[in-house]
Amino acid sequence: MIDRSIRQHLSWFDTLKQHLLTTVLCVALPVCSVSASAESLTIGFSQIGSESGWRTSETESIKAEAERRGYNLKFSDAQQKQENQIKAVRSFIAQGVDGILLAPVVETGWDQVLKEAKRAHIPVVLVDRGVDANPDLYLTKVASDFREEGALAASWLAAKTNGKCNIVELQGTVGSSAAIDRKAGFDAVISNFPNMKIIRSQSGDFTRAGGKEVMESFLKAESNPKKDICALFSHNDDMALGAILAMKEAGIKPSKDILVVSIDGVPDIFKAMMDGESNATIELNPHLGAPAFDAILAYRAGKTVPKWIKANGPLYLPDTAAAEYNKRK
Amino acid sequence: MIDIRPPIKATNMKKHHALQHLLKRLQKQPKTLAPFVSLLLILSVTALITPGFLEIKFVNGHLYGSLIDILHRGTPTALVALGMAVVIGTRGIDLSVGAVIAISGAVTAVLTVNTDWPVWIVIACALGSGLVCGLWNGLLVSIFNIQPIVATLILMVAGRGIAQMITEGQIVTFHSTALNAIGNEFFLAFPIRVWIALGMIILTIVVMRKTSLGLFIEAVGANVRASRLVGIEARLLVLSAYIFSGFCAALSGIIIAADIRGADANNAGLWLELDAILAVVLAGASLAGGRIYLGLTIIGVLIIQTLTTAILTSGLPVQYNLVVKATIILAVLLIQSPTTRQWLSKRFQSKRRQNPKKGQNSTSSQNHGRADQ
Amino acid sequence: MAPHSNVKDHSRTTSDHRSALLEIRSLSKSFTGVQALNAVSLQVNKGEIHALLGENGAGKSTLIKVLTGVHPRDEGDIKLDGRAIHARDSGHAQQLGISTVYQEVNLIPSMSVTENLTLQQQEKSFGLINWKKADARARALLARVGLENIDPSRQLDRYSIAIQQLIAIARALSNEAKLLILDEPTASLDASEIKQLFSLMTQLKNQGMGIIFVTHFLDQVYDITDVITVLRNGECVGTFPTASLSRSDLVSHMVGKSLDDLATSSDHQATGKPQNTLLTMQCVGKQRFLHPLDLTIHAGEIVGVAGLLGSGRTELCELAYGSTKPDQGLITLQPESSAKPTAEPTSLIQKSLRQTIQSGMGYCPEDRKLDGIVAELSIRENMILALQASKGWWRSIAMSEQKKLVDDMIKRLAIKTPDMDKPVGELSGGNQQKVILARWLITHPKLLILDEPTRGIDIGAHHEIIQIMQELCEQGMGLLVASSELEELVMFAHRVVVMKDHHKVAELRGSNVSEQAILHTIAS
């Protein structure tokens, strides 16, 4: 039903979604054609570490996908150190793997090792983050587009409120690419609606405590928060969860008095949706294995591969929250 | 002698005197006055920028407003700063408090979720984890003579890892009415956690000042060799200071976890040690040990928290937050710097000297005033 | 001569023909209510060694600090070589030609001698430090003070305090100094080093340099100086040619009263009647610290410890008190005879310092600043510290009680301070020493160990402290006093233990206690 209302009010959103679909499709198409050949590959995967739940599920998803395909995956945990990653990539090159997956811990300093891989004709696929190097040196980047995540959140909100809403925004850590791009994507969409505006915006540092403290100050700053604030847009779920606590303590019903939309899709936000305290979340897609392996297959088949394969996650609503929560638990 | 000066001038003179008195007081006991003045200045400027900032309403049987928020939000830092002040008094420093907060929060959350132990046992375990951390720091510093900044750095780094091991890297969310009350509910119009912090503060001040513990800690911090020669057991004292700091941090960790009803091992209490150190220094203590000022340390905490809350409510664009905060803190520190004070009083004196007639008048008005009394 | 006569500069006749180097006219300086200097005038000529003498708090240090720009002056003029100067800080004062060497060596112990000597003016080639050149200059400077045999690349604290003092002087000379101020430079030097310093001073004087020499050794004043200026209570008592001022007059000027009062109590030697045994040390020693020795101290007795620097004086005091634990022997402290005459004597080696203090011992350490005072804390807190520590932290002494105890002590020991809440660090050396003494007197000790109780404090306080010690002794306390000042030691000690190379070499008693006998024992 919501999808229908989005389409009704936002004809341009169709184009956006279509654009999304085509991106996914053009990646997905070669999958069917090439995976039929059922070639067994040896792939090296240099992961940053296991600093968050999301990264753990990314690792597990890629391992599972490799197993499903019968690939030999050589996994290396860099424990947050670039030197470990460079060492791992060099050892993959020495072992003559068919392709390398690299989740780079930092953006710079990769030119040398990428050149070495290129000289050995081993394709390197960057997963979930980019690097600051000549794009010729790697095959492609498989990652979410933070801008589109922000845009999707804004589109949903515009549809839900008929383009009329006073929004408070919880930004991520100042200067982080996720915070900058999610904000930019969100702002770009709401600029089309004269009656949608961000009335307050502060950083909650991507943390639950930060989100709670900032939301408290937002509520104090408005004389009648129930009426003056229509929705909360939070750059991640954790801050939204903190903000939900703040609202409840101020006697405000989250998701009813104030709409809540956030990004990431952590288990607890699904729990909140089940309890009727949050309205929507956009998943930061951890399932990057399939598109990454497909890109390597496409390369081996001599096809051109785009430099950025956007692997955005879907928007989840309370109706599927219970199922998603159980899946992730 | 007949006084023919118009009365309006006399009030000017009185003001002049009040200022002079203030300066004298500042010169004599600058450390006690400056933090108060800074806090009042920040509060009044914020009230101008954000109307209604000083407003306190009575909602649902408790007080409600930004000032209450400042007290509410300031409690974790206040508790940590209390322990930090004592440690700094012994010429030490405790960088691990942020990590101890994470550990105690993790213990609280994991025990609440995985056991059906009564809440007081859970809290006791969390506080116990803080005591153990403090004992570890204290042993490294007092028995193994490792420099405090290095000794506590070890736990600062490792502690967060320990907390992550306890929570298995996830944010552990829990539900407990008692803990929720500690985090967010009110008692006698004020947040319960403010009462807890107030109790700790008063208890600490009483123990430090009504017994001779404060004197001994300051003596050990200012001159450990002389203290040893008069029979003070410096090692035991230093050890207990770190244990106390660990305890305060653990209490703070329980409150922080109770606040968000979850243990965030990565972010709970992150950089809080720096705020705590800043508060102790704002109170006028020296990092080289010696005199500590517990009451003023709390004022220091309130200065920092007022700034944070004021910036959040002011609607300042996020990217200016840190610079504005740092600038104001710098200004507060400059007000307290002896150099600034000397410069100010010198200017004041030279002005007086340039206008000796005025100076004479002021003395005569003083005499006159005395005669009147 | 009346001490308060207004003799200011009138009495000086000798050096008028020489040209004035430093002229100070009616210089005043006050600190929050205390007039530290009151219209002081002083003239130092070229090629003159000028003694600046006075009691604690007379204003010597303040005068030097104003001169070198550490404190700004309130009023008055300072002229150097006929030009008015306003030093902003000690560095600026050096540029102007005033170099100062302080009592506490003002060098950086962890740096090499060369680094210390060339810190202010580095030898640079192409913008980088040329260590070869720097070493060469350091050597040249060291040669000037007669330290040819020093390796300038070694770390400074490898050398004795005496050598460090000479190095500090060498550094002061590295600038083009016209006026050299030496503030108690001889406090830690032995006789031959003092001789070396004096020949250096004479040499500098002949080169036309003016030297202000602050000391509390009167012998040295008469040995080396040309002119004496005496300060008292921030005022200039007068300037006198050294040759025409008698010792007794000098002391009278400084103290403001006749020396006879001080001298009367000095020939008591025979009167001290040793009573009960207080402390017994049997074969007490520690490897590479002190050779085992026996020592007994009785109630109502002052036992002196004599010896050269590094002979084991301080080590003996530390072992007796227990701040350093001996690795052999037995130390016992007799309980008060009147209470329990048959009680077992308490052995102290296994006990903590707190227990030692509780059983009635006190210790005034040699290094007042490092081991004695807690500079940041107030006079009250410093005085109460030992008693409070022996009681334990939980049994706090009531504030009214504290104030009474401290007030009594301030009066009894004549400590000069406006109030008891002043930080001890702001007091003069003599008053600090009195505060430490008071700290122990408050605990009512049976035995007090004093290591160099009169070091670095001037003549008035010297006599006051010696008088206090004698009074305590008459009241039945036992005292163990280590001192490098033999003249004093023989004046008050009933027995003298002579130390040499970490051994006890003799114990002189009765009529054998004399400077000559001690020196003879040390020399043999």
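Cβ from N, Cα, C; glycine included.
The following features are taken from TrEMBL:
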| type | residues | note |
| --- | --- | --- |
| TRANSMEM | B:32-50 | transmembrane segment |
| TRANSMEM | B:70-88 | transmembrane segment |
| TRANSMEM | B:95-113 | transmembrane segment |
| TRANSMEM | B:119-141 | transmembrane segment |
| TRANSMEM | B:148-166 | transmembrane segment |
| TRANSMEM | B:186-208 | transmembrane segment |
| TRANSMEM | B:236-258 | transmembrane segment |
| TRANSMEM | B:270-289 | transmembrane segment |
| TRANSMEM | B:296-316 | transmembrane segment |
| TRANSMEM | B:322-344 | transmembrane segment |
| REGION | B:347-373 | region 'Disordered' |
| COMPBIAS | B:357-373 | compositional bias 'Polar residues' |
Closest-packing stretch to the transmembrane segment (B:148-166), where packing means Cβ pairs under 8 Å, from B:70-88, B:119-141, B:270-289: B:119-141
Same-chain residues at least 6 beyond the ends of the transmembrane segment (B:95-113) whose Cβ lies under 8 Å from its Cβ atoms: 76, 80, 83-84, 119, 121-123, 125-127, 129-130, 133-134, 137, 149, 152-160, 162-164, 166-167, 172-176, 179, 245-246, 248-254, 256-258, 262-266, 268-273, 276
Any contact, the transmembrane segment (B:296-316) to the transmembrane segment (B:236-258), with at least 3 Cβ pairs under 8 A: no
Same-chain residue ranges lying at least 6 outside the transmembrane segment (B:270-289) that approach it to Cβ under 8 Å: 30-32, 34-35, 38, 76-78, 80-81, 83-85, 88-98, 101, 156, 218, 220-222, 252, 295-301, 303-304, 329, 332-333, 336
Among B:32-50, B:70-88, B:119-141, B:186-208, B:236-258, stretch most in contact with the transmembrane segment (B:322-344) (C-beta, under 8 angstroms): B:32-50
In contact by Cβ distance (the transmembrane segment (B:32-50), the transmembrane segment (B:119-141); 3 or more pairs under 8 Å): no
